[in-house]
Amino acid sequence: MINQENNDLYDLNEALKVENLTLNDYEEICKRLKRKPNRTELGMFGVMWSEHCCYRNSKPLLSKFPTEGKHVLVGPGENAGVIDVGNNQKLVFKIESHNHPSAIEPFQGAATGVGGILRDIFTMGARPIAVLNSLRFGNLDKSSNVDLLRGVVSGIAHYGNCVGVPTVGGEIDFDDSYSGNPLVNVMALGLLETEEIVCSGAKNVGSPVLYVGNTTGRDGVGGASFASSELTTTSLDDRPAVQVGDPFIEKSLIEACLDAFKTGDVIAAQDMGAAGLTCSSAEMAANGKLGISIDLDLVPSREDDMSSYQYLLSESQERMLFVVKEEKINDLIEKFSKWGLYASVVGEVIGTNEVIISHKGKIVAKIPTSALSDDTPVNFHNVINNPPDDLLKKWEWKENDLPEIHEKNIFSLKENKNFSFSEIILKLLSNPSIASKRWIYKQYDSQVQSNTVFTPGKSDAAVIRLREQNKKNKSKVFSGVAASVDCNSRWVALDPFRGSIAAVAESARNVSCVGAEPVAITNNLNFSSPENEIGYWQLSSSCNGIAEACKALETPVTGGNVSLYNESKNKDNLITPINPTPVIGMVGKLDNVEKAISSEWKNIEDQIWLIGSHKSETKIAASSYLEYFHGEITGRPPKIDLLDEKFCQSFLRNAILKSLVVSSHDISDGGLAIALAESCILSERGATIELEKDLNRVDNLLFAEGGSRIIFTISKMKQNEWFNYLQLNQIKFPSSVYVKKIGYVSSDTLKIKIDEKNICNIRVEELTEKFNNSISDYF
């Protein structure tokens, strides 16, 4: 008999609103249970049937992704993906979002986002070795956005620094669409330390279920449902739905869990993240095709008089649920106690496929595991056949809509005056989306663990040194991994399909630019409401683009996160959706980390080369230049030829491994001119560049984006070897791929000539001042 705890008298309409469920959902719940749910059970269904937990709106689209590959050991379905990076080493990685919590409580929202993704990693038996983040905020001319940025960065820094995991890289972008709804996506990587991957499926009927970690409180109750709804002017009232983290307990939890896993006494493990004890128990039961019974009276709590609803939906941080060997339970409890952690047997594995919850001596919930985890509802939406009319109109934009170029100047449609190309370069460098993120990453400890090869900002991707390998020559050789998070949300907003292909291609290109082979991705799909036909079309088109790019580049998807309903409602009830933002977290492997290279020029007189594709379009449409200089967000983003993209990356990687290429940098936001300026700034050296205009406008040549392009340098000492390599590989080149010398590294000035005419002459000091101070000036 199910105890209704006197809450069978609840107001149904009010309860459904709180749990973000529909009347149809309620009728389906009654059908599954063959009775009416009590209030506790309704809360359990509310969180488990939310988009955050069951992907009810996105599941049909996620099935399009390739999930298998030669390096993939664990794909979607577990706490994180796992790949083989060679030398008997396994990399665990995943990305997650904490968007809505960060919007109303930026410090704790971001901090617990870091804590949550770290638990996904070490729950698999891996030691966390790196964190990256992808952040989006509204423009910094609004003080509220400055406050959000300050709070989020402080939260990430606090948790990551205290727990001892380096924050090694990331990206950040600013756009008005994020003003009411910032995005905080965190990616973590870990190196497996156990002989076997620790999985989440419960096994062996009668095995004890062990609760480990922090105590349970009322913080975070309903967090999963909160994360699956839009933000409104009353969202600040939902602050109790934001969790409060303790990185020092997390540090103890990491060490204690890895120690316990190595004993082989832990049969299964699941962290308590979204939906807390409800989700962890249901997923462990479902993944093991068994059931679990939990007695809430045995759960360590920090507050008195908590209801079963609060116990089950609390998202208090730093908590884990284990299935363990019965004969080893005392040893494990003693081990966790030594780390200052609570450890208590709270239940057992049962033979029936149910989650059974007891409280105060009575059963308060009894639900089939399939109803909570395996067989959750799916919302099917119609996909509109054609892009929206406003996008089609933007796609008609042509470069000849811009003012003509007179000598060395062009008229800005945004500021109604002429600018020289040197002034435009400086202006673009001061755009916060392009400018140095030094103010942000200097708050992070990027060097803890002593395996970070390049500090943030020095290279296109983060590079982490792995364990030493024993080679026959007895010299120390370290393998490594590279990671990058990328998305040009402006491109995705203007064409979700092309923009998402570009996000995958750029993340792979960044990994290739350090010399690593891209092998797999995790993604974080940040979109607005799927109930809006344009919002769902954006999501569907984006998934199609990601799937196509991942198949072509052979980088399967190992898992990730979907965050929908990212839109804000103002006091007039007007809804502002975010730019669709499918963040791609790419990982790559290096056999020898000493071969990795950065983006900075190395030596004066090194040759500067450019590789790219004629099939991959290069144009001003959808560019940063068009937005920031002319005030227009329009045009169709460049199309990327994925075969040429793959060839360009492979060709460059091979040259890097042969130690022919000494620096490389992909061309993205701001085009060729900004890529050149960035390498000058990083190295405190100049560059002398000579280009041919052909039929291009000068601004197209300097600021166009796309083209699968990379600039790289060849040491003046290796030029003969380079030309030999180039000649040997020429026969393999597709006719649409080009490699050409465009200049050389010089002392202290960026000089650009086009058709032998001086277009730009800027001292590196001036470039650096604009680049470094743009964001910090707001603080």
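Even glycines carry a Cβ here, placed using N, Cα and C.
Annotated active site per Swiss-Prot: His52, in sequence order.
Under the heading ATP binding site, Swiss-Prot lists Tyr55, Lys94, Asn523, Gly560. For Lys94 (ATP binding site), other Cβ atoms within 10 Å of its Cβ number 26. According to DSSP, Lys94 (ATP binding site) sits within a strand segment.
The Cβ neighbour count for Glu96 (Mg(2+) 1 binding site), using a 10 Å radius over every protein chain in view, is 23. Annotation source Swiss-Prot lists Mg(2+) 1 binding site at Glu96, Asn561.
According to DSSP, Glu315 (substrate binding site) is assigned to coil rather than to any helix or strand. Around the Cβ of Glu315 (substrate binding site), 32 further Cβ atoms fall within 10 Å across all displayed protein chains. Positions annotated as substrate binding site by Swiss-Prot: Ser97, His98, Asn99, His100, Arg119, Gln243, Glu315, Ser316, Gln317, Ser563.
The active site, proton acceptor feature in Swiss-Prot is assigned to His98; the stated evidence is sequence analysis.
A C-beta separation below 8 Å, combined with a sequence spacing of at least six in one chain, links Asp271 (Mg(2+) 2 binding site) to Asn79, Gly116, Arg119, Asp120, Thr123, Ser280, Arg319, Met320, Leu321. Per Swiss-Prot, Mg(2+) 2 binding site is recorded for Asp120, Asp271.
Following the DSSP three-state reduction, the secondary structure of Tyr55 (ATP binding site) is coil.
Cα-Cα distance from His52 (active site) to Asn561 (Mg(2+) 1 binding site): 8 Å (rounded to the nearest whole number). With Glu315 (substrate binding site) as the anchor, the candidate binding-site residues are Tyr55, Lys94, Glu96, Asn523, Asn561, and the one with the nearest CA is Glu96. The Cβ of Gln317 (substrate binding site) has 29 neighbouring Cβ atoms from other residues within 10 Å, across all protein chains displayed. Note on proximity: of the binding-site residues Glu96, Ser97, Gln317, Asn561, the one nearest Tyr55 (ATP binding site) is Asn561, by Cα distance. Among the listed binding-site residues, namely Ser97, Asn99, Asn523, Asn561, the Cβ with the most fellow Cβ atoms inside 10 Å is that of Asn523. For the pair Ser97 (substrate binding site) and Asn523 (ATP binding site), the Cα-Cα distance reads 10 Å. Neighbours of Gly560 (ATP binding site), defined as other CB atoms within 10 A of its CB across all chains, total 26. The Cβ of Tyr55 (ATP binding site) has 19 neighbouring Cβ atoms from other residues within 10 Å, across all protein chains displayed.
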